[in-house]
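What Swiss-Prot records for this protein:
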TRANSMEM  1-21  transmembrane segment
TRANSMEM  66-86  transmembrane segment
TRANSMEM  127-147  transmembrane segment
TRANSMEM  166-186  transmembrane segment
TRANSMEM  245-265  transmembrane segment
TRANSMEM  281-301  transmembrane segment
TRANSMEM  327-347  transmembrane segment
TRANSMEM  354-374  transmembrane segment
TRANSMEM  377-397  transmembrane segment
TRANSMEM  416-436  transmembrane segment
TRANSMEM  482-502  transmembrane segment
TRANSMEM  531-551  transmembrane segment
Amino acid sequence: MEIILFLTMMVMITYVFSGYLYRVALVQSSRVDLIFTRFENMCFKIIGTDLEHMSAKTYVKHFLAFNGFMGFITFVLLIVQQWLFLNPNHILNQSIDLAFNTAISFLTNSNLQHYNGESDVTYLTQMIVMTYLMFTSSASGYAVCIAMLRRLTGLTNIIGNFYQDIVRFIVRVLLPLSCLISILLMTQGVPQTLHANLMIRTLSGHIQHIAFGPIASLESIKHLGTNGGGFLAGNSATPFENPNIWSNFIEMGSMMLLPMSMLFLFGRMLSRHGKRVHRHALILFVAMFFIFIAILTLTMWSEYRGNPILANLGIYGPNMEGKEVRFGAGLSALFTVITTAFTTGSVNNMHDSLTPIGGLGPMVLMMLNVVFGGEGVGLMNLLIFVLLTVFICSLMVGKTPEYLNMPIGAREMKCIVLVFLIHPILILVFSALAFMIPGASESITNPSFHGISQVMYEMTSAAANNGSGFEGLKDDTTFWNISTGIIMLLSRYIPIILQLMIASSLVNKKSYHQDKYTIAIDKPYFGVSLIVFIVLLSGLTFIPVLLLGPIGEFLTLK
């Protein structure tokens, strides 16, 4: 009942919040202008931008240049961190390959962590590098999504200014909400301090170092920005990051807030096309929510069912291996599905200890990479499937392929297919390399089916810019650091460039009014068709390897 109530509340909250996002996205005046405008203008002066509207090509150039500069600075700071200030725990520099992976991971909103937060990064890098990139990577994804929506919906005839979009989103959305969430988490016991680790003597007489630091400030944007990288190695399974059931709900709600609001924002932007087309966003929301609930139900069933091998020994009950007692199997499964559906990557239990079908659920969500998804880019990925569904359905019934009164031609379809293929190609090719290269396969700690699942989960998490992992895998090696770094880089920027190209190409075409010769995108059957094509296309791509991994493991448990 608490899960149903929580999900219902989040749907209502995100619908209301989308109204505020609409004003931010369209640079409309609001009551908070007096508070934020001066700070925004100061940021614009520091950046040196004149706020002129950019072309799509210029927008992408500035997006890539901004991200490239941040990535370089991050890499340098990580390899010299031991000589900088705010290092009371005397942490050493990261290796070149680990710094490469870490910089790309946080730059791309993935937060795949091949390091231990307690022992491999200083307070300075936690705040200046990790926390800063959590803001900017999230805002970058939002900015390019809004640019795409402006073009597709025809709400304005401009794509916008990249720096204006990113600054407004950080100042008016991320910073205020992060401060609020940080305070809420501190009231629940999450630490916020710059003191060195505590050194205590245990009851057995041994010395133990207890790691903490500025956790609350990182924890808030970690979930709000769908980042996922933990201050501590145990992530949100540790009491310092996620002390109780209330902090657990705060963190889950933070993950869901902005990606769900983006779909409602899309609906508000479609309002110029009339009430009928406005319902299109609702159809998309219901379709994605249906897949979300289906995967959640499957995961919870598997986790509550437990391990059949233990049941044969007379030990019944849910699968509690790798889980925190304060959350139990239900809230652990919910957190797992939310963190992979919204591509956050934060964990409150160990995914490597999930049952085979329990691990299949989050893996499938990352392979689909469209069920709400991360900040901005999740909606962009969904729209690619929408365009693909419109095109296929139109050809099947002999109608004209068009979307929002814009015809879909050969040029757009080439880009759409390329965006669709990038994701599985990166996952499957690099997974094959991991099994072929001896040094890489030595990182697998489990034999047979589960070892395949470990590799597939790692590569899928990197390609989906998620960041969670089956942490039994020994991933801090040169191969895993470089390979996953390349995957995160390519899977982030190539689709974004192509998606903006698609939007610009569509809007430059001659539009015409919807008639009987076009597919109605506001009808329930379109939502059903979308679900079928998402499952069918992704199923054909990944079902062979899933049979070798989690499904094969499930069939061996008797």
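Cβ coordinates are placed from backbone N, Cα and C, and glycine is handled just like the others.
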Counting Cβ pairs under 8 Å that sit 6 or more residues apart, are there three or more between the transmembrane segment (245-265) and the transmembrane segment (482-502)?
no
Grab the same-chain neighbours of the transmembrane segment (281-301) for me: Cβ-Cβ under 8 Å, and only residues 6 or more beyond its ends, written as numbers and ranges.
11, 260, 263-264, 266-267, 270, 329-330, 333-334, 336-337, 341, 354, 357-358, 360-362, 364-365, 368, 370-372, 382, 386, 521-524, 526-528, 530-531, 534-535
Please report, as numbers and ranges, the same-chain residues at least 6 past the borders of the transmembrane segment (354-374) whose CB is under 8 Å from any CB of it.
109, 138, 141, 226, 256, 259-260, 263, 288, 291-292, 295-296, 298-299, 301-303, 305-307, 319, 322, 333, 336-337, 339-344, 381-382, 384-385, 423-424, 427, 449-450, 453, 456-457, 460-461, 463-466, 468, 470, 534, 538, 541-542, 546, 549-551, 553-554, 557
Taking the transmembrane segment (377-397) as the first stretch and the transmembrane segment (1-21) as the second, find out whether 3 or more Cβ pairs fall under 8 Å, excluding pairs closer than 6 in sequence.
no
Using Cβ distances below 8 Å and needing 3 or more such pairs, separated by at least 6 in sequence, tell me whether the transmembrane segment (166-186) contacts the transmembrane segment (327-347).
no
For the transmembrane segment (531-551) against the transmembrane segment (327-347), do we get 3 or more Cβ-Cβ pairs below 8 Å once near-sequence pairs (under 6 apart) are dropped?
no
State, in range form, which of 1-21, 66-86, 127-147, 482-502 has the highest count of Cβ pairs under 8 Å to the transmembrane segment (416-436).
482-502
What else in the chain is close to the transmembrane segment (482-502), if you only count residues 6 or more beyond its ends and a Cβ gap under 8 Å?
56, 59-60, 63-64, 67, 97, 100-101, 104-105, 108-110, 112, 114, 144, 147-148, 151, 159, 377, 380-381, 383-384, 387, 412, 415-416, 418-419, 422-423, 426-427, 430, 433-434, 440, 458-459, 462-465, 475
Restricting to the same chain and to residues at least six past its boundaries, which positions have a Cβ under 8 Å from a Cβ of the transmembrane segment (1-21)?
30, 173, 249, 252-253, 256-258, 260-265, 267-268, 289, 330-331, 334
Contacting positions for the transmembrane segment (327-347) when only residues 6+ beyond its ends and CB under 8 Å are counted:
3, 6, 109-112, 222-223, 226-230, 235-237, 245, 248, 251-252, 255-256, 259, 292, 295-296, 299-300, 303-304, 318-320, 354, 358, 361-363, 365-366, 369, 371-374, 378, 461, 464-468
